[in-house]
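Okay, structure first, notes after.
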Amino acid sequence: MPKRTDINTILIIGAGPIVIGQACEFDYSGAQACKALREEGYKVVLVNSNPATIMTDPDMADVTYIEPIEWRTVEKIIEKERPDAILPTMGGQTALNCALDLSKNGVLKKYNVELIGAKEDAIDKAEDRGRFKEAMEKIGLSTPKSFVCHTLEEAWAAQSEVGFPTLIRPSFTMGGSGGGIAYNKDEFYAICERGFDASPTHELLIEQSVLGWKEYEMEVVRDKADNCIIVCSIENFDPMGVHTGDSITVAPAQTLTDKEYQIMRNASIAVLREIGVDTGGSNVQFAINPENGEMIVIEMNPRVSRSSALASKATGFPIAKVAAKLAVGYTLNELRNDITGGLIPASFEPSIDYVVTKVPRFAFEKFPQADDRLTTQMKSVGEVMAMGRTFQESLQKALRGLETGICGFNLMSEEPEKIRQELGNPGPIRILYVADAFGAGFTLDEVHHYSKIDPWFLIQIQDLVLEELALEKRTLDDLDYAELRRLKRKGFSDKRIAQLTKSAESAVRNKRVSLNLHPVYKRVDTCAGEFTSDTAYLYSTYEEECESRPSDKKKIMILGGGPNRIGQGIEFDYCCVHASLALREAGFETIMVNCNPETVSTDFDTSDRLYFEPLTLEDVLEIIHVEKPHGVIVHYGGQTPLKLANDLHANGVNIIGTSADSIDAAEDRERFQQILHKLHLKQPTNRTARNAEEAVKLAEEVGYPLVVRPSYVLGGRAMQIVYNVDELQRYMREAVSVSNDSPILLDHFLNNAIEVDVDCICDGAEVVIGGIMQHIEQAGIHSGDSACSLPPYSLSQEVQDEIRRQTAEMAFALGVKGLMNVQFAVQDGVIYVLEVNPRASRTVPFVSKATGRPLAKIAARVMAGESLKAQGIQGEVIPPFYSVKEAVFPFIKFPGVDTVLGPEMRSTGEVMGVGTTFAEAFLKAQLGANERIPKTGKVFLSVNDADKPRLLPIARQLQESGYGLCATLGTAKFLREHGVAVQIINKVREGRPNIVDAIKNGEIAMVINTVSGLAETVTDGHAIRRSALQQKVFLQTTLAGAEALAGSVEYLADSEVYSLQDLHQRLL
């Protein structure tokens, strides 16, 4: 049946900020859905609070709202836009929960809006653990023995039925939030309490453990005529007990017999029918008992998910696009398969003639206090995918694509005890310990016994380890063409061969080139080569025939950002996509290189050609060897491609835009100082120390407080602010190893300075300022973690003009061609330069949305040789409204981690709020970050002595807005002396009931708590902040943030919703 004509306007709900468990895969699905529905002539209205997404670009939907995804706000949008239908399956758990809220609160009924893609009942049946279990029983499928509970008493009674270890799963959450595995009574109670808090329906499933069973997923698409296809089967390398988002996964499934596969295929289709998903994609998870083959259903997601993004990239079948079209009435046989140029219908099940491996990327180095053991609660922040002709090849490519410094099975430990521990209690790099076990002489049975990983996978790794052990006894000269080719076919990188044969990577590359041994490139075509494909979606392998068929057009290659991690996320992918779009418009053929399956940049139609490859020097040079591009852009993917700039340059690659030398001048401390000196610009006093004694001596010259950091940071405990010599010595002892090669940098810390971020574009002849952002949190907090306002909300015009002048001078002095970001600190009217990055920064998408000017596109054309003047870009756009960017943090996933912000970045994502005043924009940004700000209630205040005078006006303002105040003794005494009525409450160590009790009992509406020194944070403050986080109480740990909050609460009652298109209209 063709599409529906009874609906005209469709509202798509996005996923909001990037958090653990919900990353940029939903930008990919949402962007596809917008394109698909507009193609069909529908009017598309979009709501998403995340400005760093492609889907919120003003030309993706007809009307775009960057507003909080919360049912009251969405109701205002529905009232204004009057959509006929809502598509809630493209925005992860956030969108599903919002759609259910709209239904429960009568909004859908009131405005006569229907849900398409998944009905209320289907969502509820899949997400409500109790109903799902009943539905499975009805169709004769087993689920683990389990009980639905709503109180701790019920949960404990259920536990005695299922025994330890016990699985605890909250309802209506994603990424396993709040859940876990309990091995004893104490852990059980702790996880249950956390789980009840996490579940919006206060409901848990207490489940029998199937730890050690094999885990599989099926990606299913169904249409309303009941046609079903399996897009992809996925097998988890890690057995049950590790969240699938934290598991290494392989597609297609490797260890199922054909009969088992057919049984699972039929079961997954039956699940969709019973749940009632009648249009679109779902994923169904199964577990199989390796002892006897018993199969059970674990859960299903009635929406596109992280796995469906992976399945789309693994097969080339665009699940989200197809699901969007099915939701408006099409059937699978009416849709064509794009990748084959429409030769076959979408009802053909994809078949693949290669192996895909996904490996998760973790960020535990940012959270040293976090527990890095993997359980049913997801902890990874990103992932990398690789393709090869064999599992071994794709696994080795994925490992080197992670960018964690490994290029193969690098040795972690030779201690049998340590290895046993790591095999049985998985952490982020268990696979390397599997290799170590074989290296240390463990048998296959022993490794299987401890790890429960399927023997088929273990044999593959054992074989690679034996290859490595043999290679260590040889030299590079010993290897002939046949042996080198055999190693390359198993996925060994030049770098790993060099390490094992004790030679240089360049020597291995030169030998390979002299033997004319290069990879060939194969196409991803959904049909295993059965039909021809014009789509250049390619991966490398060492075989005979190359399918790349490069053109002789003028082309530019863009290097992407690799796996998401903290500090390098979706913002950089956004810039890469924009570069590709702009250069295509300018008439170039564009080539994208990236290995992140979640992103829009790795969509097969974003660029003319896509190479799904790791971003290492070897892999990039091989693609350049085949494609011979006119130029390469390294400035848009964050640190990943930037690190390759010098080596690419040395290998004769033409880097367009800002040169490798200019990048180095900005990054090299001493060269940069000389430039600032020449321009008469100020920097905070700084010194470089090469040993501990020197550091203590130089610290006196610089003056405390200091920001200390190693000059060469490899993750790790990078930066700290130290207030005295004891803290400095402790940092030197514990955090860093200092030497001549890796000195330590000491900067004077500007206390209570205002930090300012500037993005600009320079074409060599002129500089155009993109935007000036004033940070809300004081300097010393990482710019990626601080909220910021565009335009600035309290900087004087003189200071802003001087910042503009200094920015332009530095851009010219560095010879920038393209984007540049500068961070300044302003203290008592004096401007200091903190750092300069001659590349795309993480604020580019935010500035582009706030000013209506697509900076990344403009700069890409500058890099390709088109001046700003020729593009008609002149002067700065200063909007007549305020935009505030706020950071979103993953603290709730890491019990034990303090929420205090510092110079080390820890946020995973961002949101944006827009308002006619700074206060309105700030409030909307807080709501967008899922903060609950009540209109009434008690505010708890506890600040250090230095902050007390600044607290006074805040306390008065909150009181005038109708809040009650309570404080610890010192703060209360100060406020009372100045005539503010406040109730006194005990500190944690002053007896019960204390502040933590009050927070847990729901008596506190908001907490304002600043830190003093290091010792106190460990005890009182930490307990207060942690309990506020767990009880979802709004928490401010900086006074600047508290000031902004106090000024904005008046907007709680009523704030407007503004569409991006209307805002940009005002700028003309």
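The backbone N, Cα and C atoms fix where each Cβ goes, glycine too.
What you see is a predicted model, and the numbers here were worked out from it, not measured in a lab.
The Cβ of V242 (ATP 1 binding site) has 25 neighbouring Cβ atoms from other residues within 10 Å, across all protein chains displayed. A coil conformation is recorded for V242 (ATP 1 binding site) in the three-state DSSP classification, outside any helix or strand. The ATP 1 binding site annotation in Swiss-Prot covers R129, R169, G175, G176, Q208, V210, E215, G241, V242, H243, Q285, E299 and rests on sequence analysis.
This prediction places the mean pLDDT of the domain 'ATP-grasp 1' (133-328) at 91. For 133-328, the entry in Swiss-Prot reads domain 'ATP-grasp 1', with the evidence type sequence analysis.
Take the CB of E299 (Mn(2+) 1 binding site) and look out to 10 A: across all protein chains shown you find 18 other CB atoms. The Mn(2+) 1 binding site annotation in Swiss-Prot covers Q285, E299 and is backed by sequence analysis.
As annotated by Swiss-Prot, Mg(2+) 1 binding site applies to Q285, E299. Under the three-state DSSP scheme, E299 (Mn(2+) 1 binding site) falls in the strand class.
Swiss-Prot lists E299, N301 with the feature Mg(2+) 2 binding site. Listed in sequence order, the residues of the same chain lying 6 or more apart from N301 (Mg(2+) 2 binding site) and placing their CB within less than 8 Å of its CB are A126, S282, N283, S307.
Residues or ranges marked as Mn(2+) 2 binding site by Swiss-Prot on the basis of sequence analysis: E299, N301.
Residues annotated as region 'Carbamoyl phosphate synthetic domain' in Swiss-Prot, with sequence analysis given as evidence: 549-930.
Annotation comment: Swiss-Prot describes 673-864 as domain 'ATP-grasp 2'.
Feature annotation from Swiss-Prot assigns ATP 2 binding site to R709, H748, L750, E755, G780, I781, H782, S783, Q823, E835. According to its DSSP assignment, R709 (ATP 2 binding site) is in a strand.
According to Swiss-Prot, the Mg(2+) 3 binding site annotation covers Q823, E835. Counting every protein chain shown, the number of other Cβ atoms lying within 10 Å of the Cβ of E835 (Mg(2+) 3 binding site) is 14.
Taken from Swiss-Prot, the feature Mn(2+) 3 binding site applies to Q823, E835, supported by sequence analysis.
Residues or ranges marked as Mg(2+) 4 binding site in Swiss-Prot: E835, N837.
Sequence annotations record features per position, and here Swiss-Prot assigns Mn(2+) 4 binding site to E835, N837. Around the Cβ of N837 (Mg(2+) 4 binding site), 20 further Cβ atoms fall within 10 Å across all displayed protein chains.
Taken from Swiss-Prot, the feature region 'Allosteric domain' applies to 931-1068.
Residues annotated as domain 'MGS-like' in Swiss-Prot: 931-1068.
In this structure, the CA atom of E215 (ATP 1 binding site) is 11 Å away from the CA atom of E299 (Mn(2+) 1 binding site). A gap of 13 Å separates the Cα atoms of G780 (ATP 2 binding site) and E835 (Mg(2+) 3 binding site).
According to DSSP, the region 'Allosteric domain' (931-1068) comprises 70 helix, 21 strand, 47 coil.
Taking every pair among R709, H748, L750, E755, G780, I781, H782, S783, Q823, E835, the residues listed as contacting ATP 2, the largest Cα to Cα separation comes to 19 Å. For the recorded site, G780 (ATP 2 binding site), the DSSP three-state label reads coil. In the three-state DSSP assignment, the secondary structure recorded for L750 (ATP 2 binding site) is coil. Checking Cα-Cα distances from E299 (Mn(2+) 1 binding site) against the binding-site residues (R129, Q285, R709) with a 10 Å cut-off leaves R129, Q285, in sequence order. Within 10 Å of N837 (Mg(2+) 4 binding site), as judged by C-alpha distances, the binding-site residues found are Q823; the full candidate list was V242, Q285, R709, H782, Q823.
Using a 10 Å Cα-Cα cut-off around Q823 (ATP 2 binding site), the binding-site residues R129, Q208, V242, Q285, E835 reduce to E835.
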